[in-house]
Amino acid sequence: MKVCASRIRRFLDELAEFNATPGQGITRMSYSPQAHAARAWLCQQMEQAGLQVREDAIGNVIGTLPGTRADLPSVMIGSHFDTVPHGGAFDGAAGVIMALEIATLFNEQGLSPHYPLEVVALVEEEGASFERGLLASSAMAGHISSQMLESLHDSTGISAAQRMSEAGYAPQDVSSVVRTPESLKAFIELHIEQGPVLEQTGTDIGIVDVVVGMTQLSVTLTGKAGHAGTTPMDKRQDALLAASHIISQVGDFARQAGDATVATVGKLRVHPNGANVIPHQVVFSVDIRSRDERKLRQVIDQTREAINQQANQGITAAVEQTLYIAPTPMASEIVHSLEQQCDRLGYSRRTMVSGAGHDAMVFAGLAPTGLIFVPSRDGLSHHPDEWTDAEQIAKGVEVIFHTVKAMTEAKNHD
């Protein structure tokens, strides 16, 4: 068996063609025309790999190679195919192509698994459309209701439910997406590292043993608009000034927590956004991550207290916690299997903590889960110059192929 690096490269190049911003990175929002075209391509490729293909109620693409025992749970592999605006061609896509290549190898070799093999291409992992990351995997885990899809909105005020409906999906049936622990034997994901460690150390494979916990807050501060020249400083209710006091403290809270805890304010909207108008309302995001749940909660509490302090000074504050996931360990038995395959194949490896959130951390609540990284050139991600060599991806695919082959062939049904 030989994983085909040239085929991986071709798959990645073809998927990258579904892009709203040619020449300016890859932009493929989950319910855009580009995503629609990408789904059609994915369905075609999965069918050519011998899979039974379907799209679920929110637009995930799922291909199944049935097992010889229909009553057994599936081994699922894959990742997400949405991007951030002006992102790269490898984030998420590398994991989708990993799964597609493995399905192709099963088909070429005429393998008939005992346990079913499922290939999944997930929507809306990035949260770039509705400010709610890991949406598809969370829906599969039963954490997303139709009411939540009505309450999530994009930057134009259109709800996630409406966007899904316009794209031909059925958000009112989101409960049909839910997977039970009994339906999954395992989930394994490949992802680019999105950092410099593997490249700088010359390591082929990063095997993740824990994914950091993370939260996302959406903060709305409301003051009172006024004339920038005629309103005295002591008579102002300046929402942007209040936001600046909070934002300036968030990084300090993370630094004080230590243990690689990080916090980021990455999105800011100011209303009415006029040069000579005191800001009436500011909406901003806060992203907090830590491998230590106690420190994660500590920074959340400190941030909320900083917000409350501004609310006591004539500003109205509203905080919505749109995401909370505790630090998530990967399954030790899958970590061990991945390590064994790396050693058998002669690929160098290192154990890593994932500082980025991935669908694997949600699936870990449903089934034993594994996650591996392959090197990112210069550590770049969420950037047009994001790059991972197809030969490096092929090594990761080979490791997962042998792990998945053993899992789907196993005769024990525990």
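Every residue gets a Cβ built from N, Cα and C, even glycine.
Not measured: the values here are computed from a predicted model.
D91 (Zn(2+) 1 binding site) falls within neither a helix nor a strand when secondary structure is assigned with DSSP, and so counts as coil. A C-beta separation below 8 Å, combined with a sequence spacing of at least six in one chain, links D91 (Zn(2+) 1 binding site) to T83, V84, H191, I192, Q194, S381, H382, E386. According to TrEMBL, the Zn(2+) 1 binding site annotation covers H80, D91, H191.
Annotation source TrEMBL lists Zn(2+) 2 binding site at D91, E126, H382. DSSP assigns E126 (Zn(2+) 2 binding site) to coil in the three-state reduction, placing it in neither a helix nor a strand.
Residues annotated as domain 'Peptidase M20 dimerisation' in TrEMBL: 213-313.
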*Average the pLDDT scores across the domain 'Peptidase M20 dimerisation' (213-313) and report the rounded value.*
96
*Going along the chain, which residues six or more apart from E126 (Zn(2+) 2 binding site) have their CB under 8 A from its CB?*
H80, D82, T83, V84, G87, G92, G133
_Among all protein chains shown, how many Cβ atoms are found within 10 Å of the Cβ of H80 (Zn(2+) 1 binding site), not counting that one?_
28
*Taking the Cβ of H191 (Zn(2+) 1 binding site) as the centre, count every other Cβ atom within 10 Å, in any protein chain shown.*
29
*Inside 10 Å of the Cβ of H382 (Zn(2+) 2 binding site), count up the other Cβ atoms and send me the figure.*
17
*Using the Cβ centroid of D91, E126, H382 as the reference point for the Zn(2+) 2 site, which residues of the same chain not in that list have Cβ within 8 Å?*
T83, V84, G87, G88, G92, A128, Q194, S381
